[in-house]
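In what follows, a single structure is set out as structure tokens and then discussed.
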């Protein structure tokens, strides 16, 4: 904990700031030198400070290109005295986003790595392979430092596997949510070595689908280094991730110890493994892995899982076919009854989904989205009860009118078989799609089928007896317990994400959808009880009453989405940029200029909850899109424009500036000055040394096309909407940014070839916040986390 407290005491560690480039680096070096002095003779420790410059394109956030200059990596290699040909990498990052101490993301991981380095270096037992510890200084700038290391550092060539330590929350268990690609031996290493395993292939498939708007250094090592690895992240309490509340005192010592135990054990296992040296021989094949309630991890090759899945589905289909065909004269009749029950079950699920999503849409339309954000039980009381009520209602109607005189035991049996048929088909289809998470379907086929075979006699007895219910529940205990455990993990990850996923996707629709899915899964083998019991009216009335009461309370606004509770804050995220904009014509003349504070609420509610506290911030301050400018003429720090409906609230707090020549802005001390933006005869553009973070926006004019440039791999990658976005950051003492663009154009282009805009972002120091920005921030309620900075925006036509 001492390492963690000392790193976070430095304060926010934004790339390019003295805190990140000097203070944090000096602290790490001081601790590493101390560890080196106390290491045993069995080991050799080498330390290197890398300051790479480079560029790459990435399809994250709609696609953009990243350029970095002179950023910082602290690299330590622990190896046997005789040296080592192969190495395993452990990666953390010590930088943080602006305005947050970044304890969980990712200072705690760096603290864990320092302690592991200390422990391994003091061991008298020599390692077989080297362990490289990368303390990277620019992960929050969208994975730049890891790219600089894996593509440029001489030690990178020896790396055969890596462990990446990340965070999507503050403390708790660290979840293995990505592995590979392929290389099943790595998962086996984690299974064998980790003392407190927590892993899910379902989390891997969800994360890699792009549903969660986040990425890690895992992608860089995989895509640019062709190195397999393991990605771990803390997932608990994601509400305060990337906020000022991410402090070291909120991370329990038990969480740090648990992470240290796991990572030390896995690193030591890999560094003494014969497999690491010849990992290429064990490369092929994916692996199915999942933990059992955090006690241990099951892992097996995906090809074995495929065979198991198909065998399980085949046995289920064989059972169903035998059931339908006995007695033979009634086979057609039995099949019709099974298909009818199958259709009714699917119909009830569709009705449930539609009804609940309509409720979620209504709640969103009336401005009560995220009512459950602070009180999660509200989502269950609202959407869970609605889903269960609709499900029961559909089957009650079917029982009363469609199955009026049909034997109850027969109906219970048929609807059980219908659910088994649905799960068997789902198992076969998901397996065919190649998804490793098909193992969940296997659980929902194998256990119910075994249960049915064990108590088939009780199914034929009249009424749902106590003995039948007890035996049934025991047989179904594990899949239900595991599904509840899995649903807790999913909601633990997804609920906080809804507070930072932009204003385009209604979060109530997402959460309601998840709740309906889990309701359908958990109810699938209880639908038959609706037909076995005499009446479900009491249950239906109870569920409906809870739903109606909850809906009334939600509509009344009693459940406020956000919380400033010091012990458990759940803040609303708001970003404010004090922006000065200038738009130049082809001759370099300023044709328009303005300035103001650009405001973005980072969730679906936009700024609606802030207006009562700051009346000037309302819908009347929406600024129109500058159609001729890339990205609407707004200084996006990243190309996330497609995530926001309410992205143009521009509070005019300052008068605009004017200028008569082609300019770019940079900062000297506290005074904004203007300097020329030179373009040489060959079309090379030089951006003078400005702040550590800048954004370049490019839009070819009508008839023109951007064919090549000097960034990334030379092939321009458009963002969502067709404009081009380049994210720039630098460390200390970086040279001016110089690049070129190549365009194809018609012979006549009197209005220019390309619109090029550049925004300069001041994330730290005296220039970060203007007096006007400070004054506005002070008026924001305490349940907000308001991240503010100053920036300039200049648009040019060439």
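Glycine is no exception: its Cβ is also placed from the backbone N, Cα and C atoms.
Residues or ranges marked as domain 'Peptidase M28' by TrEMBL: 73-266. Residues belonging to the domain 'Peptidase M28' (73-266) score a mean pLDDT of 94 in the model.
What TrEMBL records for 292-320 (among others) is transmembrane segment. If you look at the transmembrane segment (292-320), the same-chain residues 6 or more away from its ends with a CB under 8 A from one of its CBs are 173, 184, 187-188, 190-191, 194, 196-199, 285-286, 338, 417, 420-421, 423-424, 427-428, 431, 434, 436, 438-439, 441-442, 445-446, 449, 453, 481-482, 485.
What TrEMBL records for 335-555 is domain 'Endoplasmic reticulum metallopeptidase 1/1-A TM'.
Tertiary proximity for the transmembrane segment (341-370) is limited to same-chain residues at least six positions away from its ends with a CB under 8 Å from its CB atoms, namely 382-383, 386-387, 390-391, 394-395, 398, 402, 411, 414-415, 417-419, 421-422, 498-499, 506-509, 511-513, 515-516, 519-520, 524, 527, 551, 554-555, 557, 561, 603-605, 608. Look at TrEMBL and you will find 341-370 (among others) tagged as transmembrane segment.
The transmembrane segment annotation in TrEMBL covers 376-398 (among others). Proximity of distant same-chain residues to the transmembrane segment (376-398), defined by a Cβ-Cβ separation under 8 Å and at least 6 residues beyond the stretch ends, is recorded for 344, 347-349, 351-352, 355-356, 359-360, 363, 491, 495, 511-512, 515-516, 519-520, 523, 527, 530-531, 536-537, 539-540, 543-544, 546-547, 550-551, 554, 559.
Note on the transmembrane segment (468-489): residues 175, 200, 202-203, 235, 292-293, 440, 443-444, 447-448, 450-451, 454-455, 458-459, 461, 518, 521-522, 525 of its chain, located 6 or more positions outside it, place their CB under 8 angstroms from a CB of the stretch. Annotation source TrEMBL lists transmembrane segment at 468-489 (among others).
Long-range contacts of the transmembrane segment (509-533) within the same chain, counting only residues at least 6 positions beyond its ends with a Cβ under 8 Å from a Cβ of the stretch, are 345, 348-349, 352-353, 356-357, 359-361, 364, 372, 379-380, 383-384, 387-388, 391-392, 395-396, 399, 403, 408-409, 411-413, 415-416, 418-419, 422-423, 444, 448, 463-464, 476, 480, 483-484, 487, 490-491, 494-495, 498. Sequence annotations record features per position, and here TrEMBL assigns transmembrane segment to 509-533 (among others).
Look at TrEMBL and you will find 540-562 (among others) tagged as transmembrane segment.
Summarising the annotation, TrEMBL assigns domain 'Endoplasmic reticulum metallopeptidase 1-like C-terminal' to 569-796.
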